[in-house]
């Protein structure tokens, strides 16, 4: 029988691979179309903001190494998508994005003071930041789902983005739970208490990822049917 330690390692590898691949199809989709019109700017900004707060939370609370590595990679891919959004969107989008980034920077000015804080204060600030991630991650998909609903289309959005995100979030959460199960009984509760925001933030977005696939089924199926009828 596979031990929980081994299972946690396997799940973390699957999660890592899923997230390494997640945004690449969308980046290619944007490059191929020379457009990001199908993407909600709020979706990109919230995703970036969520990954940024997750990275800060991981750093300040001394999370598992693979969590910190994943957070860093998420930020890199977010920046690529933001660059594409600006590059293909023109000057108006550049001004809009600049204003949003200024707001984000102002939010993180207090966090910079944590550099001189004690270890206990680091942990408290990191925990607060990590819990802040929950709302951001859970709400990040909403603007995109609303945009799809208004357009009655999912054109311009790669389904692989959400497929890999779904897989990555599930395995990410399960790997943390397995890590907890491998600990001694006395260490389990404090570990889960620290990891809870990351579990909720990842597993909670699964529902919204599923809603995207429902939209895809809803909006792509009628179009496919009409094409077949016309032929």
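Backbone N, Cα and C define each Cβ position, glycine as well.
No curator has checked TrEMBL annotations; they are predicted automatically.
Listed features, source TrEMBL:
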TRANSMEM  6-22  transmembrane segment
TRANSMEM  43-62  transmembrane segment
TRANSMEM  68-85  transmembrane segment
TRANSMEM  122-139  transmembrane segment
TRANSMEM  160-184  transmembrane segment
TRANSMEM  196-214  transmembrane segment
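Beyond the ends of the transmembrane segment (160-184), by six or more residues, the same chain brings 3-5, 7-9, 11-12, 14-15, 18-19, 21-23, 25-26, 64, 70, 191-192, 195, 198-199, 202-203, 205-206, 209-210, 212-213 to within a C-beta distance below 8 angstroms of the stretch.
If you look at the transmembrane segment (68-85), the same-chain residues 6 or more away from its ends with a CB under 8 A from one of its CBs are 15-16, 19-20, 22-24, 26-27, 30-31, 36, 39, 41, 44, 47-48, 51-52, 54-55, 58-59, 93, 97, 172. The stretches the transmembrane segment (43-62) and the transmembrane segment (6-22) are not in mutual contact, being linked by fewer than three Cβ pairs under 8 Å (pairs 6 or more apart in sequence). Distant neighbours of the transmembrane segment (6-22): 66, 69-70, 73-74, 77, 160-161, 164-165, 167-168, 171-172, 174-176, 178-179, 182; these residues of the same chain sit at least 6 beyond its ends, with a Cβ under 8 Å from one of its Cβ atoms. Packing against the transmembrane segment (196-214) from elsewhere in the chain are residues 50, 54, 57, 63, 67, 127, 130-131, 133-134, 137-138, 140-142, 144-145, 148, 154, 157, 159, 162, 165-166, 168-170, 172-173, 176-177: each is 6 or more residues past its ends and has a CB under 8 Å from a CB in it.
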